[in-house]
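Student: Please see the structure below; I have some questions.
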Amino acid sequence: MFVMNCLLSWLHGDPRKVLHPTDSYGQFCGQKGTPNEKKPILFYFNILKCANPAILINLQCPTTQMCVSKCPDKFATYTEMQLQHKLSRSYWDYYREFCKPGFNTPNKPVSQVLRDEDCPSMIVPSRPFLQRCLPDFITLNGTVTVANRTRFKDALETARSVTELQDAAKGITGLVDTKELGMKVVEDYTKSWVWILIGLLISLVVSLVFILLLRFTAGLLLWVTIFTVIVMLAYGMWFCSMELSQLRHRPGSDVAIVEVGLQTDLQVYLQLRQTWIILCLAEASILLMLLFLRRRVRVAIALLREASKAIGHIMSTLFYPVFTFVLLAVCISYWAVTSVYLASSGEAIYKVMSPDVSCPYANSTCNPETFNRTNISKALSCLGSQCLFAFYGGETSYHRYLFVLQLSNLLVFLWLVNFSLALEQCTLAGAFSSYYWARRKPQDIPPCPLYSSFIRAIRYHTGSLAFGALILSVVQFVRVILEYRLQEGADNSLSRFILCCLKCCFWCLEKFIRYMNRNAYIMVAIYGKNFCTSARDAFFLLMRNVVRVAVLDRVTDFLLFLGKVLIAGGVGVIAFLFFTKNIPVIQEEVPRLNYYWVPLLTVVMGAYLIAHGFFSVYAMCVDTLFLCFCKLMKNTKIIISSQSMKNIRNLEVEHLKSVMDLKKKIRK
């Protein structure tokens, strides 16, 4: 389907329609080998007919549009030009650059020129924006002006104001400041790109060291955090008891929260005894939960330490996300190119543009070559009508289903992205499971475990990965459709409410399917079964160990989040001290920048993304080892208390026969 979609778009599409603006005759501005080769900018005869920049960029403005080599740089009207033309021909030579090609009758009456739209009625100082001439707005003493003028007259001596130009090109007033800001940002990047790379390399090394040291620091970090939480909970319970003792004899403090209702002032709730009772009970519940789950936490810490050891033995897994990034970049580029070709499919369509809204032929399709010989331009209600280029399209079945093709392109794009991520998860799971089931580590770990796992995933599990990715992609596609309907606007409040409920439900469904797919891919990598069987086994295996799953997920998420914050924050602090010249040793090496926050934000965001890439591998390793651990408990039919991983490995040796049976199943 994706191949057919691409072939159709490439056969019918023309990216030049997107890259180059099109004049009223369907010709591209600035295209090589055409009369407009040296005219890359589109000029509007009467920009006041254009409502806003969205019409200028996406649709067609109901006025004649011509390709020009440069935008006008001064005020002028056709009437003024006729008067000055008698003194010097240079005035006409300048003005005719913005008229229709071949028109060379400067003495033609103004009314006829405007009727035939041979020339613009006026020109205003403009500058190119997205290859289109838009008024050059300048703020002078707090007042928006064009060439230091706030008012001017058109060819019919009608008074005009800059405000009208602003309405015709809304949002362009900040163009100058935006352009200057962009140039300064680019200049800062050119001066500091070496130091940015150094900062990213430092974050890469720190992320790698952090993961390798987790085998020694995971327990310390977690127990310190748990102890801190317990102390804070104890203090909170003491504080609640003190507040309750003070409110016990205060009149009005025994009112229920339900009776008070919803209040914007939170101080109202703090004056009620019921509020502090609820807070105290909640804190006591959390404290008891931590105390009862301490054994589960010990198992989670042991798994985290073992995951760090596994990565230490299979270091190549840390760099696999680079391959996934390349795949995702190819998918995004392929989707973007196909979308552009689909958007540019079709032939030039011309519509009747009439200044009179009562014209019955307005917006009807026409042929510019035969338009002057038809009765449309001669009709009384259609005087001054023109056959102008409107858009690219067609009446064939292909053109009618362009929107459907764009949606199918989006669905296949989501499918390819999810497949790339599934391939990464299955490959990493296969590599880490080979580590877990090795009796003697690292002697029994197979050579090149990551490469072997990748080949197995491509050769045997492509169908399972594609099926799981398709399920997730369909849910994401439905969410996109619902979001589109919400942005488009529903008919009534009930429809919007239903759409919001559906959007929330599909968001939850996506989260659930994403989580189940991840564990299903692990089971596929370990046992080689199909997707449905692996998803079922993973689901029941997780349900039998739901408490361990909850504890392990929260502990892992906390550690990885803490690591990301520490790495990004630490590198960010060093970058801040460097770019603000607060490190005396290398103070002279700091480049002179316009905005020091440009390289600083780049380093911080890059460090966070690098840490996220490393830690995603670590999280996959933890999940894989955990499922292997749970599967071992199920097959050996024993109950393992929260022991260290050393004791777990001793239990594996005691039940070696069961493990060997599992290995035989894996080989099959």
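The backbone N, Cα and C atoms fix where each Cβ goes, glycine too.
Sequence annotations record features per position, and here TrEMBL assigns transmembrane segment to 193-213, 220-238, 275-293, 314-337, 412-437, 458-482, 494-513, 558-580, 600-629.
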Student: Same-chain Cβ contacts of the transmembrane segment (558-580) under 8 Å, 6 or more residues past its ends?
Tutor: 192, 195, 199, 202-203, 206-207, 210-211, 214, 218, 221-222, 225, 304, 586, 590, 593, 596, 599-600, 603-605, 607-608, 610-612, 615, 618-619
Student: Decide whether the stretches the transmembrane segment (314-337) and the transmembrane segment (600-629) have at least 3 CB pairs under 8 angstroms, with pairs required to be 6 or more apart in sequence.
Tutor: yes
Student: Could you tell me what the rest of the chain brings near the transmembrane segment (494-513), counting residues at least six beyond its ends with Cβ under 8 Å?
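Tutor: Answer is 471-472, 475-476, 478-479, 482-483, 485-486.
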Student: Using a Cβ cut-off of under 8 Å, list the residues of the same chain at least 6 residues beyond the transmembrane segment (458-482) that approach it.
Tutor: 407, 410-411, 414-415, 417-419, 421-423, 426, 499, 502-503, 506-507, 509-510, 513-514, 517, 520-521, 524-525, 528, 530-531, 534-535
Student: Taking residues 6+ outside the transmembrane segment (600-629), which of them lie with a CB under 8 Å of any CB in it?
Tutor: 189, 196, 199-200, 203-204, 207-208, 210-211, 214, 303-304, 306-308, 310-311, 317-318, 320-322, 325, 425, 428-429, 432-433, 436-437, 518-519, 522-523, 525-526, 538, 541, 548-549, 552, 556, 560, 563-564, 567-569, 571-572, 575-576, 579, 648
Student: At a C-beta cut-off of under 8 Å, are there same-chain residues at least 6 beyond the transmembrane segment (193-213) that contact it? List them, or none.
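Tutor: Contacts with the transmembrane segment (193-213): 308, 311-312, 318, 563, 566-568, 570-571, 574-575, 578-579, 591, 599, 602-603, 606-607, 610-611, 614-615, 618.
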Student: Give the nonlocal contacts of the transmembrane segment (275-293) in its own chain as ranges (CB under 8 Å, at least six residues past its ends).
Tutor: 226, 229-230, 233-234, 236-237, 240-241, 243-244, 247, 257, 269, 547, 551
